[in-house]
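K.L.:
I'd like to ask you about the structure that follows.
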Amino acid sequence: MKKEEYLEKVALANLWMRAYYEKDEPLASDEEYDVLIRELRVFEEQNKDEISKDSPTQKIAPTIQSEFKKIAHLKRMWSMEDVFDESELRAWAKRAKCEKNFFIEPKFDGASLNLLYENGKLVSGATRGDGEVGEDITLNVFEIENIPKNIAYKERIEIRGEVVILKDDFEKINEKRALLNQSLFANPRNAASGSLRQLDTSITKERNLKFYPWGVGENTLNFTKHSEVMQFIRELGFLKDDFIKLCANLDEVLKAYDELLALREKKPMMMDGMVVRIDDLALCEELGYTVKFPKFMAAFKFPALEKTTRLIGVNLQVGRSGVITPVAVLEPVNLDGVVVKSATLHNFDEIARLDVKINDFVSVIRSGDVIPKITKVFKDRREGLEMEISRPKLCPTCQSELLDEGTLIKCQNIDCEDRLVNSIIHFVSKKCLNIDGLGENIVELLYKHKKITTLESIFHLKFSDFEGLEGFKEKKINNLLNAIEQARECELFRFITALGIEHIGEVAAKKLSLSFGKEWHKQSFEAYANLEGFGEQMALSLCEFTRVNHVRIDEFYKLLNLKIEKLEIKSDGVIFGKTFVITGTLSRPRDEFKALIEKLGGKVSSSVSKKTDYVLFGEEAGSKLIKAKELEVKCIDESAFNELVKE
């Protein structure tokens, strides 16, 4: 890199840094910024006489501008040096002249917070700011339930940590903001930071923030190891993560990194790496600090789950109900080992809310098996070549005129090929008729060759229909035909679910089956609306569907031997009338536990509240278990549950 290019990159890095910290409007993804900073460091290490005093590597990030008063930290809050692979970790350890006894813990992706306690009482809370001075957010800190307001330690002490929003809570916040037509938070970190800096403290309170301590500032503690300090802090009443380790050497650190990385998707909060710190406090003191970082600790970063790429087009998908879903076509980008070429845009209201255009630079996030989504549009990087994404007028599949209902745009042609194919795929899926071997690709193949054209035609398939089709031999054909025959013996609620009625899922289908049996499709609006858990929207949807399809449903009855599950509820057991929430991985499918609880007169809910009686948890239970403990809900594992049902 030449000096001119270096100075250009310094200017770009400063532009991105100011946009992030001062305007709260990022112009690049974290990964792009990290790469740029690393390029600057490489040049500066090789050209020490040409380092610019304006380089972001030479200064702490600026404080976010706000209406909050400033508050000085008693001791500086430092950033951490980032390392990205084994060689960089070993290089850091070599510089620190230490290769043994490391304290490691998750690096949560949230907002740093400094708490000051005097005489055992919480007196202030402040953001990191520039490291020396932060923003006084004390009133908001008092609204965070898991931060102790009083501790059993009378000396003055600063306790530092990370404020996070759990993934489940983040999704709920964005769902609520979408309903209010407010801009969505790009990620849980931005949501946590924004929640801390609210002028209305009630907003902070409702966001359900969590505080995890990671260190201390000013203190008079007399410990020799950082691990002892953290054990003491957590005994004062602070949250402790379950992945905290002492590693004897760097090989153990690398093993711990792999273990934590494997837990990344299962953790209830976002992590972007692992903190590696020398445990010996005397050695830490001896090593000291650079202009920006402590020499005794580093952030061992995870591969990015969020990257910047360009949106180069939009494809339209037609669902089984006719809803048109826009899908962004992206320049391919590698996210944690997966090449991502597309991302959901949800609907055209979301496109308008994002103000995204073709040829825009966008930030894309991928989490586990969740469909990649666009979280940010970098509008300040537009080059004048961007094109509006217009609302479609015609169905991309059948070219019929679309019905524009605002948020949803629908194809009303019931013979539309994509609608039919997706309806059949849903009809035969695991939670519906569960026809083994009749997957998405085979449905598309059979439809293409006109072997199936309606839901009913599945049950008229013959051996000869498969002969000559690629991949079908005698055994496979017979297995599939046998699976179709077995599907004729089907529970009524599965058949109702399979029909794909708008707003009617598995739970509602069970209620219809148990309440009305095979006459479920001949009821009045009032009868539907009066069912527990049903409302006007569901009743209207049922009335409209059954009005059009009641004859067709009767014809299905001739093809299928539908069974009606009769729920015999035991009303004298300890589970009767109790509400359960199930979380984590158990020895058997959750549906089996759910069925048993309902048979014994209990109810299974999807979320934890003060009305929850029991949380049944398995391995790798997440945010629901944390919330249950905070609400003091009784938490039982599988063996305790088995004992309970015996009573």
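Heads up, the Cβ atoms here are built off N, Cα and C, so glycines get one too.
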K.L.:
Which candidate from Lys301, Lys341, Lys357 does Swiss-Prot annotate alongside Asp30, Glu31, Glu32, Tyr33, Asp34, Ser79, Met80, Glu105, Arg128, Glu162 at the NAD(+) binding site?
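P.N.:
Matched candidate out of Lys301, Lys341, Lys357, per Swiss-Prot for NAD(+) with Asp30, Glu31, Glu32, Tyr33, Asp34, Ser79, Met80, Glu105, Arg128, Glu162: Lys301.
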K.L.:
Ranking the binding-site residues Met80, Cys395, Cys416 by other Cβ atoms within 10 Å, which is at the bottom?
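P.N.:
Comparing Cβ neighbours within 10 Å for the binding-site residues Met80, Cys395, Cys416, Met80 has the fewest.
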K.L.:
Roughly how many Å lie between the Cα atoms of Cys398 (Zn(2+) binding site) and Arg128 (NAD(+) binding site), rounded to a whole value?
P.N.:
56
K.L.:
Using only the residues recorded as binding NAD(+) (Asp30, Glu31, Glu32, Tyr33, Asp34, Ser79, Met80, Glu105, Arg128, Glu162, Lys301), report the maximum Cα-Cα distance in Å, whole number please.
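P.N.:
Taking every pair of listed residues, the largest Cα separation comes to 25 Å.
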K.L.:
If we count other C-beta atoms within 10 Å, could you say which of the recorded positions Lys107, Arg128, Lys301 has the fewest?
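P.N.:
Per-residue Cβ counts within 10 Å for the recorded positions Lys107, Arg128, Lys301 bottom out at Lys301.
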K.L.:
For Cys395 (Zn(2+) binding site), which DSSP three-state class applies?
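P.N.:
Cys395 (Zn(2+) binding site) sits in coil per DSSP, no helix or strand.
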K.L.:
By DSSP assignment, list the helix, strand and coil residue numbers for the domain 'BRCT' (570-647), in that order.
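P.N.:
In the domain 'BRCT' (570-647), the DSSP-based counts are 27 helix, 17 strand, 34 coil.
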